[in-house]
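Trainee: Residues or ranges marked as signal peptide in TrEMBL: 1-19. The feature domain 'Ig-like' is assigned by TrEMBL to 60-202. Taken from TrEMBL, the feature domain 'Link' applies to 204-299, 304-402. For Cys250-Cys271, the entry in TrEMBL reads disulfide bond.
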Amino acid sequence: MASALPLLLLWVFAPTVVPEVFGPEDGTGNSASWATCVLLPAPSVPCGGGLGVGVGHPTPVLLMAPLFSHPEDLKALQVSIPRHPALDAVLAGAITIPCLITYLGPQPTAGTAGRRAVLGTPRVKWTFISEGREVEILVARGDRVKVSEDYRLRASLPIFHQRYTNASLLLTELRPNDSGIYRCDVQHGIEDGHDILNVKVKGVVFHYREGSMRYAYTFAEALEACARIGARIATPEQLYAAYLGGYEQCDAGWIADQTVRYPIHTPREACYGDMNGFPGVRNYGVVDPEDMYDVYCYAEDLPGEIFLETAPDKFTLEEAAARCRALGAELASTGQLYAAWSAGLDACSPGWLADGSVRYPIVTPREQRCGGALPGVKTIFLFRNQTGFPDAQSRYDAYCFRGITCMVPILHANTS
């Protein structure tokens, strides 16, 4: 039985065989290293085996097994954005999109001057992708950064000139159309890598007025009106960011700093304000708080779900409220509907809201019956000057809101 010892040792210490995987000399690009330790039990030995171990008891044995890596894992440069799958930001705020660079060889060092030093540093390019269109944000190499005109003064790499391992992008003055995919590309010598991240800019600015008439709010009443509909009064920065994202409204309204403003892209009669024929946000300046105007509100969070309720005969306002209560919900507020629209709710069905208004959210414009060629929350008014909510006995669908603890908005719409 003594001859069993060499055979057993040969079996125990034999390398693990992995089918169809080859070493570094096979030309496939796969590589193997003997770096992984695998703990296996030795086979049980019958009585009298002469190995000095307990009969029938396995003994742990340390084996060296080859570790095979995918070729991409061995690249000398790796790029990662450690915030997958998505990152949320807020309108008019700022966001830092991380982009970390790992060098498996010697790292380039920052702070060295001269053309040769610059050429020896990694090249970083950030791009923005939305609806199949790709736009360059900036390109950097060493201390040299070229920012595209559309992102001038609001895009930068605050850390890259100090550490070439961090190409994180700082983007300020966020707009609604900043939502999309961001891609970080890094090239160093013959090596390159990239990663992407989806960014969602939350928050929406909207014009609000009393159902009875235009320009019905003092400044204090404007604050209360926004709060009553589940929103808050917009700041100048939020209104300007909304304007840069395409928002237009030819109605003067209160803003949080007690100024009165309105955003115009297409100047026209009665909408010139203080800017004549130029586009921009019109500004009346600080106004007497007892003067009367509409208001611009801001909604951001939707801590629950909005769903559309319908019936063959539709609902009066009172019936709509009762139907929502029967479902453990309540009529949605105007601010909640705007927040849901900003998050993607699309329903071509006018429905009652808690303030007695009738509205419906359109993300993808379609037939004329859905409110025309522009996206937005559409409102049913009685009069051509966009005043007057429908009579409470009129019949429409209902938008209900149910609060939940889930942090991700759940949007439902029963649409044809």
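Yeah, the Cβs are placed from backbone N, Cα and C, and that goes for glycine too.
The shown structure was predicted, so the numbers you read here are calculated from the model rather than taken from an experiment.
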Trainee: For the domain 'Link' (304-402), what does DSSP give as the number of helix, strand and coil residues?
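Mentor: Summed over the domain 'Link' (304-402), the classes give 22 helix, 27 strand, 50 coil.
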Trainee: Counting across all protein chains shown, how many other Cβ atoms sit within 10 Å of the Cβ of Cys271 (disulfide bond)?
Mentor: 18
Trainee: For a three-state summary based on DSSP, what are the helix, strand and coil counts in the domain 'Link' (204-299)?
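Mentor: Secondary-structure composition of the domain 'Link' (204-299): 19 helix, 30 strand, 47 coil.
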Trainee: What average pLDDT does the predicted model assign to the domain 'Link' (204-299)?
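Mentor: Taking every residue in the domain 'Link' (204-299) and averaging pLDDT yields 96.
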Trainee: Far apart in sequence but close in space: which same-chain residues, 6 or more away, have a Cβ under 8 Å from Cys250 (disulfide bond)?
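Mentor: Set apart from Cys250 (disulfide bond) by at least 6 residues yet with Cβ under 8 Å, we have Tyr262, Ile264, Arg268, Ala270, Cys271.
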